[in-house]
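*Asks:* Got a structure for you, questions after.
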């Protein structure tokens, strides 16, 4: 996505917004669908990488295209409504994950070679909006500002006339005539010159054109650091990086901390059994969250049962029978099995650890693969549910930012939202329970969404038409880089310390907010 944002953002300034957006969406949709059907992990990963390359270019192009057909008076508000669809997409994805993935009724198989699990259905469902968007884009015109930039006056005039006529019909004034008072004179573009002797065949032509386009993207990118854009570009880059680092870092940290709190609570309720001796008993029920030490089990039957977070330590199993046993988070540490029989179980070397001995025992038809279900690990439900709540919490912030964007200004909303988000991080020290952490997640997301919306608007309005996609793509690429670093750094601190993530996120967000307040105010600007 980072590479895609930079590449497709730059390409949209050269070949057009609509064409690049269609290609991005088609690449994303096709490879997202394909990834749901492939069986090999390597091929699946390749499909997701290519789909991400397409997805990365969508945001820079969409904002550029939409901004270039809006009037100055309502530009901030309408761009903010566009930002809301990011929230709608997240709600859709988290709701579908919560509804589909934990339910194995969605799965089916074709023999032992092809397995289509519920998560694959989720991947398909997530690709459906992309298909709908591709269909809708076929009816959407190119940006008239882009056409004017490249000297296609007639095409730009026709699109503007179509927009004007549609608006007038909606206002009940269909007789009003579209007129143009001023028109931008096109700049002279460098032509693509082909060397006949070396580019006569199609492959050479394609390579030469690709090289030329890439060089053009790089040259256009470097122009973003020319006067008078240099200062704004650097400040925007800092704000994008800091906001993304803090937001995505804490977005990963919140669910992991909640899961860690659940694990601590679960461990505090463990039952310990010592020096027990059980003979001729049948275990046909679920055993959960127990530790058995120095136990002796003789002629016992473990039939059609589950072991959930069970640990046997220094225990002996003599003439025991294990049939259809599934173990989740369960281990046999330094145990001894004498003349035991295992049939259709998942007990293997990974569960028999710390010098466990198996003497005169047999294993038949061992279960393979992951045997865990969502019934075994209920906390997995929380991952999707918490994500759903956190996404839903941004709805009030989206509405407020859209209504106030053109009234209080982009910079006040950007800086204020980031500073308040940074301050709210300090309340995480009081998060000692699941409910408190979920509340803090919702509060943090609700406060930070206004910063995202205003930053999208400011970035779109800060660059001229010939560099708008390139500049936005560069900032969005930095956003993805910061997200990766945030995920790695904050994820490594889960369960170790609270102070470092809180101080790091708070300081980064506050500093980024202060830099954002120093950006030029673009509220009254006409798009260049």
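Glycine is no exception: its Cβ is also placed from the backbone N, Cα and C atoms.
According to TrEMBL, the feature domain 'Major facilitator superfamily (MFS) profile' maps to 1-523. Feature annotation from TrEMBL assigns transmembrane segment to 20-37, 43-67, 79-101, 121-140, 236-254, 381-404, 411-430, 436-459, 471-494, 500-519.
Have a look at these and tell me how they're positioned relative to everything else.
*Replies:* Restricting the average to the domain 'Major facilitator superfamily (MFS) profile' (1-523) gives a pLDDT of 85.
Away from its own ends, the transmembrane segment (20-37) comes close to residues 4, 8, 11-12, 44, 47-48, 50-58, 61-62, 65, 116, 120-121, 123-124, 126-127, 130-131, 133-134, 137-138, 469 of its chain (Cβ-Cβ under 8 Å, at least six residues beyond either end).
Long-range contacts of the transmembrane segment (500-519) within its own chain (CB-CB distance under 8 A, at least 6 residues past either end) are made by residues 232, 235-236, 238-239, 241-243, 245-246, 249-250, 253, 411-412, 414-419, 421-423, 425-426, 428-429, 448, 451, 455, 458, 462, 489-490, 493.
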*Asks:* Among 43-67, 79-101, 236-254, 381-404, 471-494, point out the range having the most Cβ pairs under 8 angstroms from the transmembrane segment (411-430).
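*Replies:* Out of the listed stretches, 236-254 contacts the transmembrane segment (411-430) most.
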*Asks:* When you scan the chain for residues with a C-beta under 8 Å from the transmembrane segment (79-101), skipping those not six or more beyond its ends, what do you find?
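*Replies:* Counting only partners 6 or more residues beyond its ends, the transmembrane segment (79-101) has Cβ contacts under 8 Å with 62-63, 66-67, 70, 118-119, 121-122, 125-126, 129, 374, 381, 384-385, 387-388, 391-392, 394-395, 398-399, 401-402, 405, 449, 452-454, 456-457, 460.
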*Asks:* Are there residues at least 6 beyond the ends of the transmembrane segment (436-459) whose Cβ is under 8 Å from a Cβ of it, and what are they?
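*Replies:* Same-chain contacts beyond the flanks: 63, 75-76, 79-80, 83, 86-87, 236, 239-240, 243, 246-247, 250, 254, 257-258, 261, 386, 389-394, 396-398, 400-402, 405, 410-411, 413-414, 416-418, 420-421, 424-425, 427-428, 430, 471-472, 475, 509, 513, 516, 519, 522.
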*Asks:* Compare 43-67, 236-254, 471-494 by their Cβ pairs under 8 Å to the transmembrane segment (381-404) and return the stretch that comes out on top.
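*Replies:* So the stretch in question is 236-254.
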